[in-house]
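Dropping a structure here in structure tokens format, bear with me for questions.
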Amino acid sequence: MPKRLDINTILVIGSGPIVIGQAAEFDYSGTQACQSLREEGYKVILVNSNPATIMTDTATADKVYIEPLTLEFVSRIIRKERPDALLPTLGGQTGLNMAVELAKSGILEECGVEILGTKLSAIEQAEDRDLFRTLMQELNEPIPSSTIIHTLEEAHEFVKEIGYPVIVRPAFTMGGTGGGICNNEEELIEIVSGGLKHSPVTQCLLEKSIAGCKEIEYEVMRDSNDNAIVVCNMENIDPVGVHTGDSIVVAPSQTLSDREYQMLRNTSLRIIRALGIEGGCNVQLALDPHSFQYYVIEVNPRVSRSSALASKATGYPIAKLAAKIAVGLTLDEIINPVTQKTYACFEPALDYVVSKIPRWPFDKFESANRTLGTQMKATGEVMSIGRNLEQSLLKAIRSLELGVYHLELDHLKELDKETMKKRIIKADDERLFVVAEAIRQGVTKEEINEWCEMDFFFLQKVENIVNMEREVKANVGNMEVLQAAKEMGFSDHYIANAWNKTEREIYDMRKESNMTPVYKMVDTCAAEFESATPYYYSTYGDENESIVTDRKSVVVLGSGPIRIGQGVEFDYATVHSVWAIKEAGYEAIIVNNNPETVSTDFSISDKLYFEPLTIEDVMHIIDLEKPEGVIVQFGGQTAINLAAKLEAHGVKILGTSLEDLDRAEDRDKFEAALTKLGIPQPVGKTATTVEQAVAIADKIGYPVLVRPSYVLGGRAMEIVYRQEELLHYMKNAVKVHADHPVLIDRYMVGKEIEVDAISDGENVFIPGIMEHIERAGVHSGDSIGVYPPQSLSEKLKEQIIEHTIGLGKGLNIVGLLNIQFVVFKDEVYVIEVNPRASRTVPFLSKITGVPMANIATKVILGQNLVEQGYGTGYHPEEKEVYVKAPVFSFAKLRSVDTTLGPEMKSTGEVMGKDLTLEKALYKGLVASGINIPTHGSVIITVADKDKEEALEIAKRFHEIGYNLLATAGTAQSLTEQNIPVQVVNKIDSEDYNLLDIIRQGKAQFVINTLTKGKQPARDGFRIRRESVENGVACLTSLDTTRAILRVLESMTFSAHSMKEITQTKRHEVVHA
């Protein structure tokens, strides 16, 4: 069936900010879909609130709206643009829920907008747990015995009948939000109450736990002609009970017999047909390992995290084809873009093994509960490809960037059998490492299988790795053993440690005897047809399929998995850099390992190597390709950290030199450079011992800011108010020694300013200056940023511009630089300089129209700023106001403190733009998920140091009609100032207290600032967590609170009696 000609304009809904459960995979699928629809000649209108993505680039769609994804704003866009159709299945759960909300509000009918791809009825049938259960019963498809509940009482009834454990799955949520496994009544009450709150329709499915079955996923496609195919099937190494986003996944499935494979394949196709889905769909199934009994777990009637993985694992571009199917094309009419010969109705075949390992944020959140269950906790993932499972797994492990190069963790070596058993039974992020350790210590596969039901096949693979370790250690210097270990995916790093050599020595040994990897192509058809994709993975074998051309090439290093501190912003910069390299006439080669991102789409670069970002894996590619050089500026800290090792191998680093990179990162060299340039900075020193640290802090005076050098996202950074806190930090947070010094700075309570600039060594061009709403001390990634700055005098702005130009030239920067300043007592101080792309590059590029990563790449390749039409100085400011607001994923991470400080905690960002700061802030806050009611109650509990400042805030809340609630101490200071306040009991009171008010939804805002040390810190923690669990906006910074007040004041009308007005005027005359 040819494409539809009765529609012209299509609205695509994006997935909004990156949160746990919904990451960069939707930037990839959304970008693909927009391009795909435009190829077919449709006009595409995109709405998405996330400025950090390629998807929201003006070139991606005909019109791009970066607006909040709420009914109010999307309805406005529909009324203004009048699209013929809406495509919601590429924006994750956000896009689906938005479509349902739009349909229910009547706006689609009013404006005559049709939903494309998957019909509303199919979305509801798949997402509404009750309707889905009914459909499965009609199809005679087995599902675990279950019931639908809307109250806690109903949950208790079900459990009486069926017994524990039960699984709770809230309707219309993603990433398992609010769900979990309940083993007893206490867990049931907690999880069901939370689940009902998180579900937009207050509905949960309770089902008998089938934990322990194999978890299998099928990624299927169907068109309007009822052609349906399986793109890829995947198997979770972790049995049912761990969310698939938190599971280690392999593709294709490894332990299914042909009969089992065909049985589950037929079920998946039957379900997609029954739902009438046109496009991509993901079916999750559970298979009993001891019989042919299976259960249908759930269906995602949309492009998902698994489809991004399946696309990269097979090379078959699901989102691109789903968009074409949505406009009426059929699988037998669409050419597969990979082979460019076969049609899309051929099922892909794989002649390699793919492994996906999630990347969790526990290195940032020491206190988080690391146990894995049905609620997702990972922020991102890595993927790797190998010729055997062992190779594939070991490559994935070293892609995670946790400083781990092998399936072993030193701190697990001390574990006794009982502890290992506990950690294997109750899965956490290190379970596979614990399994390997258990096998090393002689625990049998049978015992481990009994503990966690992990399939013997996978346990055998882990045992193969452990046996090979013994071989390697027993045969030092033996080249045959080395060859065998390399074929199994062992790293030079591991072998060097085992053989007591350096990694470089092993690398040289291999090179001398020609023991180097070859590169194989990912072609969707297991080499059955010739293929046109330049998409490669390494393995040890005979024939190399990556043909080196005679064109000059440049290698760009990507940024690896998405994690807190290094998000999709760096992928954005990477992609733009690749495009600029192509424009400049070079061959662009990219190395990356994140299956979710646009940069790992094979159509972006001239060559894509899906490989770990370690020195060994990158050097193999460089040895083969012999590029002009490598660009490390766009891959975040991942790429920067490889610069020194690459240079030691004689590789040319393009852009800012290694020496100059080091000058910006090394504290003493940086101080010397600033002194020479005459640029002021907060007083600070470097300590290499604990005693030194104490002496420095005493001399500078508290509070001080302490942090390790060379760090991204503010890991292990703290503001310390007294000596015992400093000692606690030095002993627990960092291991200080000469190679890892700790920086100690005077902490200045001032306004923070952030600048991104491009330097070519002669000229320095500044696209924009941003002002942070939160004062210095809150990480820049967690602050609300405003452009253009609203409260900087011209004098200060000139100083900032002057210092930026001075630093660009003085540090010999070639390419991008990001500088953070603090304004303290009307003086500008430099806090830090990052000689690389920063997380504000996409935001500033979009609002100023200056393609920063593109210009910087061309500067790096030798075309100066003047030749590109830019000079030195500050780009003229835009008239509108733009706000970048952070988005957090605290609801997914129980027991993590939500307080903002120098350590970054946000997972994503949104943008709000409008003519005034208040309107832009309103949009930014609403887009980030903060509800802003114009009246209600606000709870105020603040640290003593903030009491005075909180008075003015309380007064303003009172004036716009808010009801104030406070605990005794804070209430007393308010009453003394004649501010009406209601006293509430502290949380340790037996009576109705502060937490009850939060739980019952009787407060709209909670203002709680941190009291350091002592008991109040724990109280504050409980107040903040309770707010998150109950969806109440909890403000831990008085600056953020002021910003929200500005918005509220602009939305509400004040009410003053006439007498008050005349008194005010008289008062002004007296003071004039």
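Placed from the backbone N, Cα and C atoms, the Cβ positions cover glycine too.
According to Swiss-Prot, the protein has these features:
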- 1-401: region 'Carboxyphosphate synthetic domain' (REGION)
- R129, R169, G175, G176, K208, I210, E215, G241, V242, H243, Q284, E298: ATP 1 binding site (BINDING)
- 133-327: domain 'ATP-grasp 1' (DOMAIN)
- Q284, E298: Mn(2+) 1 binding site (BINDING)
- Q284, E298: Mg(2+) 1 binding site (BINDING)
- E298, N300: Mn(2+) 2 binding site (BINDING)
- E298, N300: Mg(2+) 2 binding site (BINDING)
- 402-546: region 'Oligomerization domain' (REGION)
- 547-929: region 'Carbamoyl phosphate synthetic domain' (REGION)
- 671-861: domain 'ATP-grasp 2' (DOMAIN)
- R707, R746, E752, G777, V778, H779, S780, Q820, E832: ATP 2 binding site (BINDING)
- Q820, E832: Mn(2+) 3 binding site (BINDING)
- Q820, E832: Mg(2+) 3 binding site (BINDING)
- E832, N834: Mn(2+) 4 binding site (BINDING)
- E832, N834: Mg(2+) 4 binding site (BINDING)
- 930-1072: domain 'MGS-like' (DOMAIN)
- 930-1072: region 'Allosteric domain' (REGION)
So, in DSSP terms, is E215 (ATP 1 binding site) helix, strand, or coil?
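The residue in question, E215 (ATP 1 binding site), is strand (DSSP, three-state).
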When the Cα-Cα distance from Q820 (Mn(2+) 3 binding site) is computed for each of the binding-site residues R129, Q284, N300, R707, which gives the smallest value?
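Checked the binding-site residues R129, Q284, N300, R707; minimum Cα distance to Q820 (Mn(2+) 3 binding site) goes to R707.
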Within 10 Å of the Cβ of Q284 (ATP 1 binding site), how many other Cβ atoms are there?
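Q284 (ATP 1 binding site): 21 neighbouring Cβ atoms within 10 Å.
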Tell me which residues of the chain lie with their Cβ under 8 angstroms from that of V242 (ATP 1 binding site), as long as they are six or more apart in sequence?
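Those within reach of V242 (ATP 1 binding site), by Cβ under 8 Å and sequence separation of 6 or more, are N236, L372, G373, T374, A427.
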Just give me the nearest neighbour of N300 (Mn(2+) 2 binding site) among the binding-site residues Q284, R707, N834, Cα to Cα.
Q284
What does DSSP give as the helix, strand and coil breakdown of the region 'Allosteric domain' (930-1072)?
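Secondary-structure breakdown of the region 'Allosteric domain' (930-1072): 75 helix, 20 strand, 48 coil.
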Considering only the binding-site residues E298, E752, N834, which fall within 10 Å of Q284 (ATP 1 binding site) when distances are taken between Cα atoms?
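The binding-site residues close to Q284 (ATP 1 binding site) (Cα within 10 Å), listed in sequence order, are E298.
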Can you see whether DSSP assigns R129 (ATP 1 binding site) to helix, strand or coil?
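In the DSSP reduction, R129 (ATP 1 binding site) maps to helix.
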Looking at the binding-site residues listed here (K208, E215, R707, V778, S780), whose Cα lies nearest to that of N834 (Mn(2+) 4 binding site)?
S780
For K208 (ATP 1 binding site), what is the secondary structure by DSSP, using just helix, strand and coil?
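Strand, per DSSP.
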Give me the largest Cα to Cα distance among R707, R746, E752, G777, V778, H779, S780, Q820, E832, the residues the record lists as binding ATP 2, in Å as a whole number.
18
Tell me, what is the mean pLDDT of the region 'Carboxyphosphate synthetic domain' (1-401)?
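Averaged over the region 'Carboxyphosphate synthetic domain' (1-401), per-residue pLDDT gives 92.
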Quick one: give me the count of other CB atoms within 10 A of the CB of R707 (ATP 2 binding site).
22
Using Cβ-Cβ distances, find the residues under 8 Å from K208 (ATP 1 binding site) that belong to the same chain and are at least 6 apart in sequence, listing them in sequence order.
P144, S145, S146, I162, V166, I167
Between S780 (ATP 2 binding site) and E215 (ATP 1 binding site), how many Å separate their Cα atoms?
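So the alpha carbons of S780 (ATP 2 binding site) and E215 (ATP 1 binding site) sit roughly 40 Å from each other.
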Using DSSP reduced to three states, classify V778 (ATP 2 binding site) as helix, strand or coil.
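In the DSSP reduction, V778 (ATP 2 binding site) maps to coil.
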Please list residues from the chain of E298 (Mn(2+) 1 binding site) whose Cβ is under 8 angstroms from its Cβ, counting only those at least six apart in sequence.
A126, F132, R169, Q284
